[in-house]
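Peer 1: Have a look at this one before I ask anything.
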Amino acid sequence: MCQVTDEAPAVPEPVFRDDVTVELVRSSAQDADVLFAARVSTAGEQSIEELDKDPARSRGLINYLMRDRHGTPFEHNSMTFLVTAPIFVFREFHRHRSGWSYNEESGRYRELQPVFYVPGAERKLVQKGRPGKYEFFEGTPEQQKATTAAMESSYRQSYDAYQAMLAEGVAREVARAVLPVGLFSSMYATCNARSLMHFLSLRTKDDRAKVPSFPQREIEMVAEQLEAHWAALMPLTHAAFNEHGRVAP
Ligand SMILES: Cc1cc2nc3c(=O)[nH]c(=O)nc-3n(C[C@H](O)[C@H](O)[C@H](O)COP(=O)(O)OP(=O)(O)OC[C@H]3O[C@@H](n4cnc5c(N)ncnc54)[C@H](O)[C@@H]3O)c2cc1C
């Protein structure tokens, strides 16, 4: 038998995370898509049968397209990712406008869950230098302790304020204003290999890059997972991207 009580539903305990996750939800993306698109001007649709016949020629064509920045053959593919990361990462992510589609979870239609970002021990905490030339260094144990304590306390306080407003009947879309950018969100992000390469060129730090970039570590953590999924789907294209300085064609 079901018991009816007047008790308010329990407020969930905050969860503190130091990671981000990227799941490949669906894809239609392979090296053959690049070759298929590139050869339309010479062999047309017949070329799809030729793709696997001559791997060295296929590799050569992908390298040539990458080197000479013939970008459009890299657009005929699609990857959809489920990304779970703090809101401050999404703010940076959503600046990538070309070749990306996004759908993020709603804070208007759903009560937001208390999952918050706290940097892990390996996250360098101290920044030195000037804008564009920052270097990051390990924090001391005291700095790590102070960071964790300040973040957890601030997160608890803001989530309590959010819950207090909801309990008073305030709309979710209003109450959410007190929640910080360290709150986790999730989104579907769909791109193609060309738009992903542009993203990776800006959001990873890599010695092979012709044009170095200095991204915030947390978006780089997302980028590394995106890259691993993509490399498994399109190994020849990924290798050519690295060989030609990690510049989007
Ligand atoms: C390390 C780093 C630090 C950053 N710091 C800041 C910062 O302090 N403040 C800040 O506001 N942003 C900052 N950004 C964001 C940056 O300015 C870009 O918004 C972001 O990197 C997306 O790049 P994008 O415009 O090339 O990408 P996309 O929007 O995906 O565009 C891809 C390409 O399409 C073309 N394109 C797209 N839209 C247009 C257009 N309207 N006109 C002409 N060409 C277009 C361009 O060739 C562009 O490179 C930073 C980015 C990085 C990587």
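Counting begins at 1 with the first residue displayed.
Heads up, the Cβ atoms here are built off N, Cα and C, so glycines get one too.
Straight out of TrEMBL:
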ACT_SITE  Arg203  active site, involved in ionization of N3 of dUMP, leading to its activation
BINDING   Thr72, Arg95, His96, Arg97, Glu104, Asn192, Ala193, Arg194, His198  FAD binding site
BINDING   Glu92, Phe93, His94, Arg95, Glu104, Glu105, Ser106, Gly107, Arg108, Arg176, Arg203  dUMP binding site
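For the listed features, I'd like the structural context: burial, neighbours, distances.
Peer 2: In the three-state DSSP classification, Arg203 (active site, involved in ionization of N3 of dUMP, leading to its activation) falls within a helix. Packing around Arg203 (active site, involved in ionization of N3 of dUMP, leading to its activation) is summarised by its Cβ count: 22 other Cβ atoms lie within 10 angstroms of its Cβ, all protein chains included.
DSSP assigns Ala193 (FAD binding site) to a helix in the three-state reduction.
Glu104 (FAD binding site) carries a strand DSSP state (E or B). Same-chain residues at least 6 positions away in sequence with a Cβ under 8 Å from that of Glu104 (FAD binding site) are, in sequence order, Phe90, Ser185, Ser186, Met187.
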Peer 1: When you rank Ser106, Arg108, Arg203 by Cα distance to His96 (FAD binding site), which of the recorded positions ends up on top as the closest?
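Peer 2: Spatially nearest to His96 (FAD binding site) by Cα position is Arg203.
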Peer 1: For each of Arg108, His198, count the other CB atoms within 10 A of its CB; which of these binding-site residues has the top count?
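Peer 2: Highest number of other Cβ atoms within 10 Å: His198.
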Peer 1: In DSSP terms, helix, strand or coil for His96 (FAD binding site)?
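Peer 2: In three-state terms, His96 (FAD binding site) counts as coil.
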Peer 1: If you check the binding-site residues Glu92, His96, Glu104 one by one, which have a CB less than 6 Å away from any atom of ligand 1?
Peer 2: His96
Peer 1: Measure the Cβ-based neighbour count of His94 (dUMP binding site), defined as the other Cβ atoms within 10 Å of its Cβ.
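Peer 2: Taking every protein chain into account, the count is 13.
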